[in-house]
Amino acid sequence: MANDYFFTSESVSEGHPDKVADQISDSILDAILAQDPTARVAAETLCNTGLVVLAGEITTNANVDYIQVARNTLREIGYDNTDYGIDYKGCAVLVAYDKQSPDIAQGVDKAHDDGLDQGAGDQGLMFGYACDETAELMPLPIHLSHRLVERQSQLRRDGRLNWLRPDAKSQVTLRYVDGKPDSIDTVVLSTQHDEDISLEKLREAVIEEIIKPVLPKHLIKGAINFLVNPTGRFVIGGPQGDCGLTGRKIIVDTYGGAAPHGGGAFSGKDPSKVDRSAAYAGRYVAKNVVAAGLASKCLIQISYAIGVAKPTSVMVSAFGTGKIVDEKIAQLVSEHFDLRPKGIVKMLNLLRPIYKKTAAYGHFGREEPEFSWEQTDKAAALRAAAGL
C-alpha cells in the first residue's frame, strides 16, 4: 500500500438489524454462562418485522427463558413501539435449538492431566491486530466510526434528539500521509428518525450534535464532506427495514478492514469456539506487542485443527515497524502466551457472562473492565525479554 492514500471504515448502531441479532445471541450466551460456565453454545438469531427466530446448538444444564431474554434485549435496545416495525412486547419469538453434535463434542471434551489440552472446537484461522493510531491501539477510522454511532445512541437515549430511532450507520474516510492519519475527508452518518422531522433540521442537528463533537480537531484541515441521510429519508429501519442475522458484521466487530479476518463470527459462541476466543487472544497478543514498544503495528494469525489443542500455525508481522525482527517477536509470543483453546480461556478468564456488551460498538479498542483481552499486562515482560 502506498504511503499517501485514503482509507475508510464503517460501524453500525445497536439498533441495526444485524447488531440486534448479535446482541440477542450474546444475551442468551450470557444467561447460560451465568448458570453453567462450561456450556456449549452456538446461538444464532434471525430478526425481521415482528419476528425473532432463535436457532443453533446448545448443550447446557442451565434453565433459561430464551423468549424472555430475546424480548428484554429488544427492550433495552429501544424497540418498544410498533411504529418501529418490531416491539418487544408483541413480537413473535420462535425457539429451535438443538444440542451440540456428539461428533464435535468428543474432540473438544478430551483433555490431558493439566486440563489445558482441550481440543479446538473447529478448524480455522483467526487474526489479531493493534497499531498506535489511537490511545486504545486501534485503527483510527473504525474507532471514529464506532464513536459516531455510540453518540447517536447516547443522544437518542437521553432525549436531546428525541426524534432519533435506534437504527444508524456511520462511515469515516481518512487521508493518510506517510502511513499516518493526516486529515478527515468524508463522514457518512445515516440515522433512522421519526416521520415529522425535516431533513434540513435533521442534517444540521446530526452534524453539530453527533458528528463534530467526535472528530479530533487536529485532523480537521479543510472542508469535510458530510453526508447525512443521503437518501433523504430513513423512517423504516431496524429489523423491519432489513432482516437481521447473527454474524454479518464481522468487519465492524473487529478492525474495520484495516486487518485481515479469518471469516468466523463471534456473537452467540461460547469460548470453546476458537472463532471467538482465539480472535480475542490475537488482539491481546498484538496489543501487548505494540504497548511494549516492539512495533508500531502488529498482526498475528493463529490457526487450529478441530480436536487439536496446539495451534497449527502462528504468524506475526510488524509490517517493517518492529524494533526486533518478526521471528523474534513470534518467539516471544510463544513464550509468553498460551494459545491453546483452554489456555486462552484461562488466560483471559472467558467463562463469564460478559459478551452482550461486546455485541455492539466493537469487540476491540474499548476500555471496559470485562474486556480482559484489552489489558496490556504482558507489555513490560515482553519489553524486558526483547532487551529494549
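Cβ coordinates are placed from backbone N, Cα and C, and glycine is handled just like the others.
The stretch that Swiss-Prot tags with region 'Flexible loop', taken from the ranges 100-110, 232-242, is 100-110. A Cα-Cα distance of 12 Å separates Q100 (L-methionine binding site) from K269 (ATP binding site).
Classification of E57 (L-methionine binding site) by DSSP places it within a strand. DSSP gives D18 (Mg(2+) binding site) a helix state. Over all protein chains present, the Cβ of Q100 (L-methionine binding site) has 21 other Cβ atoms lying within 10 Å.
The region 'Flexible loop' (100-110) scores a mean pLDDT of 67 in the predicted structure. Taking only the Cα positions, the spacing between K269 (ATP binding site) and E57 (L-methionine binding site) is 10 angstrom.
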